[in-house]
Amino acid sequence: MRLLSDESTQSTLSSDSCEYYQTEIFDQLPSIQASRPEQSTQGLCDVHQGGPEPGESISHGHLSRGAKDKESTQPLKNMVMCIQGKRTARERRKMQISNIGFWESWRRSQSITRKRVWVQMGGALSSLLPWRHTLHAIEGKFGVGVKAYFVFLRYLVFLNLLNCALTSGFILGPTMFYGRRNGSEHLFGGNDSVLDFFLGTGYLDRSPVFIGFYTRGSLDLPCLNTPLLYLAGILTMILLSLIMVVRRTIVGYKHTWMLGKRYSANMSYKIFCGWDFTIQDPASATLKHSFIRNDLKLFLEEQNFSMREAQRTLGQRVRLYLLRFILNLIVLSLLGGAFSLIYFATKKSQSMTENNWLVRLVLQYLPPMSITFVNLILPHIFRKISSFEDYSFTTQVNATLVRSIFLKLASLGMYLFFIFTTEKHQKHQCMENRFGREMYKLCIFNFLATFCNAFLLNYPRKLVQEKFPTSLLARVLGKQRFLIPFNVLDLVYSQTVSWVGVYYCPLLPLIGTVTLIATFYIQKFVVMRCCVAEQRMFRASSSSVLFHFMLLLGLLMAAVTLGFSFHLQNIEPDITMSSCGPFQNGKTVFIVTKVCVESLPSPAPATLSYLSSEAFALPLILAEIIILTSYVSRGRANQKAIERLKDMLVMSSSDKRFLVKQHATMLRGRNKNRTKVHSAAVVEDNWQDPPSTH
C-alpha cells in the first residue's frame, strides 16, 4: 500500500523530466552501486572463462519463467500483498488470459483448480484429526511445549494403529482363516486365574497374544506359509515405522534449521500482525491472547539469556566448564548404579523359588519395578543437575531429555541382554513366549505406573493445595507443573518396548494403542486439573525434533534386538532352537527363507544370492556416493542462492530508505522554493501599493 502526500500528487514535473530523474535515481540506488563491482569482476571472469554458466546469475530486475508461472498460478489469498494489490493481480491475470492461447489458459485454470482441491482436501482431513479442540485449549493455557507432547502422543497412536493393521493382515488373519496345527488346544483351562492377566501366563500364554499361538496350518506352500507371513509382517512393520519416523524427523529438522539462529523474527510483526481478526468467539480470543503472550515470553527469555551469555568473562567461562565436567561425572556414576540395580533385580527374579502368589507376583515384576523406579527418580535428579549448568531453558530441557533417554534405553538394553544370556542356557517349554511375557509385563507395568502417578500422587497433591493452601505440606510440595521431558520419555520407552517385543508378542501394538489412548485422557486430566502453566517457556520445534530422534533410537534398538535373536538362531541352533511358534522343529528363519528362495525360478535365486553377497556391496556404495554427492551439491547451490536472495532483500530495504530520503529532500526543496516565491510576491505587492492618506 502506498501513502501519497498532497505535494506528491500535485507535482508539476513533466513526464520527460520524471523519466530523466528516475533514470538518474536508478543509477544512485545502493543495490546498483553495490552490484557494479561484482558485475565488472564477473565480466572479467567471463572474458577469461568463456562466459557465465546458464542459470548461474540472478537478475535483479527480471524473474525467470518458472517464477512468473508460479506467480500466475498461485492463489491470491496466499500472496503477501494488500487488497488493492490482489485486485490488480487479478485484473492482470484476466488480461494475460485474453492474450495467451486457449491451451495455456486451460492449463493455468486446471492448475489453480487442482491446488484449490488439494487445499480443501487437506482442510477436510485435518478436521478429522481427533482431539483438535483439546490441543488448542492446551496450547492456549500451557504453551506449544505441552501441546507438542500431546501431538507426539497422537502420532504414536496412529503409528500403532498402522502396526495393528499390518499384524491383522500378515499374522492374525491368515492364522484364523487357515487354522493352526494344534487347533484342538483349549484357550481356557482349569488352573487359570486373574493373576495370569498381569503375569502373561495361563490363558494368555495360549492366546494369540504370544508367538506360541501361531503354528503352521493348512497354508503350507514353499513361499506362502505361516512362518514367512509372520516374518514378512514383522519386517514390514519395522520398515514402515522406520520410514515414517525418519520422514517426520527430517521434516522437523528442516523446519528447525530454517527457523534457527539465522532467523530473527521481528517483534513488531508479532505484536501488530499476530492477531487474527476473524475471531469472534470470546473463548477463542482468550486462547489467541495466550498464544501471543507465550510467544513473547519465550522470545524475551531467549534474548535475556543471550545477553547474559555474551557478558561472561573468561574466568566465569572456565569455572562454568569445570562445574559442567564435575556434574557430568556425577551423571555417569548415577547411570552405573542404576545398571547395577537392574542386574541384581534380574538375577533375583530369575532365581525365584517362592510358592506364595503375592511373593511370586512381586518377584516376577521385580525387574520392571526396578526399571520404573530408576526411570522415575534419576530424571528428576538430571533435571536438578541441568539447572546448575547455566543453559537456556530449551537447552536444559534437551539435555535432560538426552540423559534420560540414554538411561531408559540403556536400562532396557541391559535388561534384554541379561534375559538373553541367562535364558539361553535354560530349557523352557517355549522360550519365545517367556521373552514375550517379559515385554508384556514391562508394557502393563508402565501403564500402571502412569495411572498411579496421576490418581495417587498428582491429584491428591492438587487437593491438598486447594483444601489447605496455607499448610506446611502444601508449601513444601509447591505448585505442580507438567514436566514435558519426563512424560515424553515415558512415551518413547513404552513405544520402544512395543517394537522390541512385537516379534514375540504380536498383539503388543494393539495393547499399546489402548494404553496410549487411555494415557492421553489421563494426562489431559493431569494437565487441565492438576497443573499450572510453566513460568519459563521453551522452543518446541527443536524439542519436537529431539522427540522423534529418540523414537528413532528406540526403533533402531528394536531392530538390533531382532537381528541379534536371528543371529543366535544361526550360530547356536541347538541352544536357541524354538520349541513353539511358526519356527519350531528346527525350522529357523534362515532355513525357511532358504527353502523359499530355492523354490523360485532359476534367475531369482542367482539374483538374490548376488544381492546378498559381498560383490554387490561395491556398486551399492558407489551408487550411495553418487547420490549423496548430488544432494550435497544441490544443497550448496541452494545455500548460495539463499545467501544471494538475503543480500537482495537487504539491498531492497536500503533502496527504499534511499528513495524515501530523496523524496523528502525533493519535497523540502520545493517547499523552500514556494516560500521564496511567496515572500517575493508579498514584498512586490507591498511595494506597488501606495500608502493610504487621510
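Just so you know, glycine gets a Cβ as well, placed from its N, Cα and C.
Automatic, uncurated: that is what TrEMBL annotation is.
As annotated by TrEMBL, domain 'TMC' applies to 430-541.
According to TrEMBL, the feature region 'Disordered' maps to 37-72 (among others).
Residues annotated as region 'Disordered' in TrEMBL: 670-694 (among others).
Sequence-remote contacts of a segment are chain residues at least 6 beyond its ends whose Cβ falls under 8 Å from one of its Cβ atoms, and for the transmembrane segment (155-178) they are 208, 213-214, 217-219, 226, 229-230, 232-234, 236-237, 240-241, 244-245, 248, 491, 495, 498, 502, 506-507, 509-510, 512-513, 516-517, 520, 551. The feature transmembrane segment is assigned by TrEMBL to 155-178 (among others).
Summarising the annotation, TrEMBL assigns transmembrane segment to 228-250 (among others).
Summarising the annotation, TrEMBL assigns transmembrane segment to 321-345 (among others). Long-range contacts of the transmembrane segment (321-345) within the same chain, counting only residues at least 6 positions beyond its ends with a Cβ under 8 Å from a Cβ of the stretch, are 366-367, 369-371, 374, 378, 381-382, 385, 388-389, 403, 406-407, 410-411, 414-415, 418.
Annotation source TrEMBL lists transmembrane segment at 357-381 (among others).
Residues annotated as transmembrane segment in TrEMBL: 401-421 (among others). Residues 331, 335, 338-339, 342-343, 346-347, 367, 371, 374-375, 378-379, 382, 386, 435, 438, 442, 485-486, 488-489, 492-493, 496-497, 500, 543, 546-547, 550, 553-554, 557, 561, 564-565, 568 of the same chain, all 6+ positions outside the transmembrane segment (401-421), place their C-beta atoms under 8 angstroms from a C-beta of that stretch.
Within its own chain, the transmembrane segment (442-459) is flanked in space by residues 198, 365, 368-369, 371-372, 376, 412, 480, 490, 493-494, 497-498, 501, 508, 511-512, 515, 518-519, 522-523, 525-526, 529-531, which lie at least six positions past its ends and keep a Cβ under 8 Å from the stretch. Here TrEMBL flags 442-459 (among others) as transmembrane segment.
Distant neighbours of the transmembrane segment (501-522): 131, 150, 153-154, 156-157, 160-161, 163-164, 167, 171-172, 208-211, 214, 230, 233-234, 237, 432-433, 435-440, 442-444, 446-447, 450-451, 454-455, 491, 494-495, 558, 562, 565; these residues of the same chain sit at least 6 beyond its ends, with a Cβ under 8 Å from one of its Cβ atoms. Among the features that TrEMBL reports, transmembrane segment is placed at 501-522 (among others).
Annotation source TrEMBL lists transmembrane segment at 543-568 (among others).
The transmembrane segment annotation in TrEMBL covers 615-632 (among others). Here the transmembrane segment (615-632) has no Cβ contact under 8 Å with any residue of the same chain six or more residues outside its ends.
When the domain 'TMC' (430-541) is classified with DSSP, helix, strand and coil residues number 86 helix, 2 strand, 24 coil. Counting only same-chain residues 6+ beyond the ends of the transmembrane segment (543-568), those with a CB under 8 A from a CB of the stretch are 145, 148, 151-152, 156, 234, 238, 241-242, 245-246, 248-249, 252-253, 256, 394, 397-398, 401-402, 405, 409, 412-413, 416, 420, 424, 484, 488-489, 492-493, 495-496, 499-500, 502-503, 575-576, 588-590.
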